[in-house]
Amino acid sequence: MTHTDTIAAIASAPGAAGVGVLRVSGPAVPAIAAELFGRDPEPRRAHFTAFRESDGELIDRGLLLYFPAPASYTGEHVLELQGHGSPVLLDALLRRVCAIGARWARPGEFTERAFLNGKLDLAQAEAVADLIAARSHAGARAALQSMEGVFSRKVHDLLQSLIALRVHIEAAIDFPEEEIDFLADPVITQQLHALRAELDALLHEAQRGVRLNDGLRVAIIGRPNAGKSSLLNALAGSDRAIVTDIAGTTRDVLREQLNLDGIALELADTAGLRDTDDPVEREGVRRAHGELARADVALLVTDVGHAEHDLALLADLPSHVERIVFVNKIDLGDHAVGYDVRADAIWVWASAKTGDGLEALRNHLKQLAGAGGGEGAFSARRRHVLALEQVAVHLARADDVLQATRAGELAAEELRQAQHALGEITGTYSSDDLLGAIFSSFCIGK
Ligand code: GDP
Ligand code: ZN
């Protein structure tokens with residue numbers, strides 16, 4: 001893909017800084033570089049030079065770096081100008097570059113060109129944005145892994161297995177008289193089952209990748225006065241939520257971004273879940289239910305006397321939501337601090353007020369958020385998880401069809417659709433709408 005226009009943008013963050021960076025990409029770069037430098041710059045070499053207006057007036061002094069295509073970020077000729085980090089100077093420099101032969105870049109346009117030129121695939125391009133936006137060390141590390149292609153390679157491996165199986169089955173279709181026997185071959189079933197297992201593992205890793213990227217979403221629920229706001233404050237280490245003795249104080253949903261030892265959490269303190277006639281409170285309860293629908297974890301706050309009864313609040317949750325029962329206020333009774341893995345939920349006995357027993361909760365949340373994923377843990381987006389879930393559906397259907405009817409055509413069609421869904425992750429198949437949605441959320445200059 002060759003672009004005929006040349007794009008330019010300030011790549012460093014807005015505002016005053018020690019150094020500011022201007023980036024230019026496209027066919028006009030050699031001409032722009034020669035005009036600014038007075039002669040052709042040497043590739044990949046830092047030249048200290050004066051940046052001047054066309055009439056010779058000095059704009060700034062700084063470094064000029066020239067990366068000829070295709071060995072550059074975008075795959076095109078790229079010029080990087082480093083000057084003083086003054087918005088005024090950088091703006092003047094940008095105008096000068098555009099006057100010679102470039103236009104302002106749209107958000108994400110450099111990375112979009114890198115994608116279109118095959119420098120990185122779509123999942124890697126998304127990881128670039130996620131890396132820049134990372135809110136925790138674990139998130140940044142994971143995004144870096146994805147940018148390096150760890151996730152993409154796994155998708156690619158899965159794709160290879162899928163294609164091999166498709167070829168196998170489609171070969172059988174081409175020989176109708178032998179098709180039945182061929183499809184009965186246990187090797188085909190084994191291959192398909194191995195593929196499904198491989199996919200399940202990747203889906204799990206991708207789900208963890210989303211949590212590492214977005215932060216674990218925890219919805220705190222429970223009766224009014226159970227201690228939800230107190231727990232939020234204890235975890236956040238501040239008094240952001242309002243703690244009072246009057247039931248029903250937290251009427252809106254309070255959100256807190258938290259960084260637990262390098263792991264990102266998003267805590268939402270919801271209104272108490274109880275039937276109520278107060279319209280304002282009822283709205284809070286409605287939002288609490290909405291919060292649960294988008295949460296990774298439902299954290300039920302209760303106390304020793306109500307625990308079994310309140311457990312009903314955790315019923316009817318989607319199966320992917322992790323459940324934690326936080327039995328609060330043990331400082332008032334004689335129950336000990338504790339932690340128990342039960343079938344219905346993880347149980348923690350603690351006190352939000354004194355902090356006793358909170359460490360177990362913190363550790364568990366960190367595990368759920370993706371800590372301990374190891375060196376290879378990669379970031380992912382919800383879009384990727386949805387695509388992998390689609391793949392899982394098609395593989396399950398192919399499996400059913402083969403077991404029940406040995407209808408090779410139908411199985412082959414399911415595999416074809418599975419392959420398409422996988423290809424959407426890395427951008428083998430992508431629409432302009434998808435690309436637009438992805439790259440428009442980037443910063444300018446990236
Ligand atoms: P919410 O309505 O669920 O958000 O409950 P709050 O966090 O506002 O707490 C209600 C009351 O319980 C407040 O008076 C808190 O100080 C008190 N409380 C919360 N956690 C504890 C605890 O662990 N021990 C004791 N003794 N009191 C607590
Ligand atoms: Zn509250």
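Numbering starts at 1 and runs along the chain as it is shown here.
Each residue, glycine too, has its Cβ placed from N, Cα and C.
Going by TrEMBL, these are the annotated features:
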- R23, E80, K119, K446: (6S)-5-formyl-5,6,7,8-tetrahydrofolate binding site (BINDING)
- 215-370: domain 'TrmE-type G' (DOMAIN)
- 225-230, 244-250, 269-272: GTP binding site (BINDING)
- N225, T244, I246, T249: K(+) binding site (BINDING)
- S229, T250: Mg(2+) binding site (BINDING)
Q: Could you tell me which of these binding-site residues, R23, K119, K228, K446, has the fewest other Cβ atoms within 10 Å of its Cβ?
A: K119
**Q.** Listed in sequence order, residues not in R23, E80, K119, K446 with Cβ within 8 Å of the centre of the (6S)-5-formyl-5,6,7,8-tetrahydrofolate site Cβ atoms
**A.** A11, S25, S72, Y73, T74, V78, F110, T111, A114, G445
Q.
Measuring Cβ to any atom of ligand 2 with a strict under-6 Å cutoff, which of the binding-site residues R23, K119, N225, K228, S229 qualify?
A. K228, S229
**Q.** E80 ((6S)-5-formyl-5,6,7,8-tetrahydrofolate binding site) to S229 (Mg(2+) binding site) - Cα separation in whole Å
**A.** 50
Q: Report the member of N225, S229 (the binding-site residues) whose C-beta atom has the most other C-beta atoms within 10 angstroms.
A: S229
Q: Of R23, K228, S229, K446, the binding-site residues listed, which put a C-beta under 6 Å from ligand 1? Please answer none if none do.
A: K228, S229
**Q.** Rounded to the nearest Å - Cα separation of K446 ((6S)-5-formyl-5,6,7,8-tetrahydrofolate binding site) and S229 (Mg(2+) binding site)
**A.** 40
Q: Write down the Cα-Cα distance for K119 ((6S)-5-formyl-5,6,7,8-tetrahydrofolate binding site) and N225 (GTP binding site), rounded and given in Å.
A: 55
Q: Would you mind reading off the Cα separation of K119 ((6S)-5-formyl-5,6,7,8-tetrahydrofolate binding site) from K228 (GTP binding site), to the nearest angstrom?
A: 48
Q) Among R23, E80, K119, K446, which the record lists as binding (6S)-5-formyl-5,6,7,8-tetrahydrofolate, how far apart in Å are the two most distant Cα atoms? A) 18
Q | Secondary structure of R23 ((6S)-5-formyl-5,6,7,8-tetrahydrofolate binding site) (DSSP, helix/strand/coil) | A | strand
(Q) I want to verify one value. Collapsing DSSP to three states, which class is K446 ((6S)-5-formyl-5,6,7,8-tetrahydrofolate binding site)? (A) coil
